[in-house]
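Worksheet: the structure to be examined is printed underneath.
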Amino acid sequence: MTVLKEQPPRLLRGTPLASKGLRKTFGQREVLKGIDLHIPAGQFVAIVGRSGCGKSTLLRLLAGLDQPTAGQLLAGAAPLEEAREETRLMFQDARLLPWKKVIDNVGLGLSGDWRPRALEALDAVGLADRANEWPAALSGGQKQRVALARALIHQPRLLLLDEPLGALDALTRIEMQQLIERLWRQHGFTVLLVTHDVSEAVAVADRVILIEDGEVGLDLTVDLARPRARGSHRLAALESEVLNRVLSTPGTAPEPDPVAPLPTQLRWAH
């Protein structure tokens, strides 16, 4: 596997993020209630919480798929809107076009001599040998690797992950976690991962943020060396701390279904 070429130093790669008084309402329901966050460049942040707590809404605001009712979203000192070209979003569904071969899915929307870059991105995720196959021939984990390659080809500074591993089997999920972590360490982009899996959050993130009823209920630093030994006492203790806090919070109604964006409005991992 290769590393994409011409990468600046790690700490210069990621987008620094901040939210100030971030609020979002749907009708009479306030889903986010004044979120204040500061995320340094290159940090790996996991966002957890019960269904309906507002975590997916927060990610959609960061991706520009919804607009906040109030508050600010910043990339450094500038509006986050100015960093959209350097932002990519991955979903649980890889969203590959079945009528395009793997390499063409990676290079979707690009012009010029993009094929060598697409092959390089596929090699970085271990799928260079599948470049000329159809998506239907791939497993679920392989499709998510293609989606990740589709993000890498754009050399993003901010990668937003909305439950991208939720549909994978346990072993494939761990392999994908390790791949995402390795690529993050190589390229230094900022990562925000929304997940229901507390063990996943603690295993891969620098920091775990728990959203409770639209507010930050817990902001926990995961100060453990990498690579992390799964099953270690310290990892289990941190997982238990977050999980106990999640379980102590009563469930809320599901977040409202957002209006699906048009393909031209959405920057997937492509």
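Backbone N, Cα and C atoms are what each Cβ position is placed from, and that goes for glycine too.
As recorded in Swiss-Prot:
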- 17-238: domain 'ABC transporter' (DOMAIN)
- G49, R50, S51, G52, C53, G54, K55, S56: ATP binding site (BINDING)
- 248-270: region 'Disordered' (REGION)
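The sparsest Cβ neighbourhood within 10 Å, among the listed binding-site residues (G49, G52, G54), is found at G52. Cβ neighbour counts within 10 Å, taken over all protein chains shown, single out K55 as the most crowded of the binding-site residues R50, K55. One residue stands out among the binding-site residues S51, S56 for having the most other Cβ atoms within 10 Å of its Cβ: S56. Mean pLDDT of the predicted structure over the domain 'ABC transporter' (17-238): 93.
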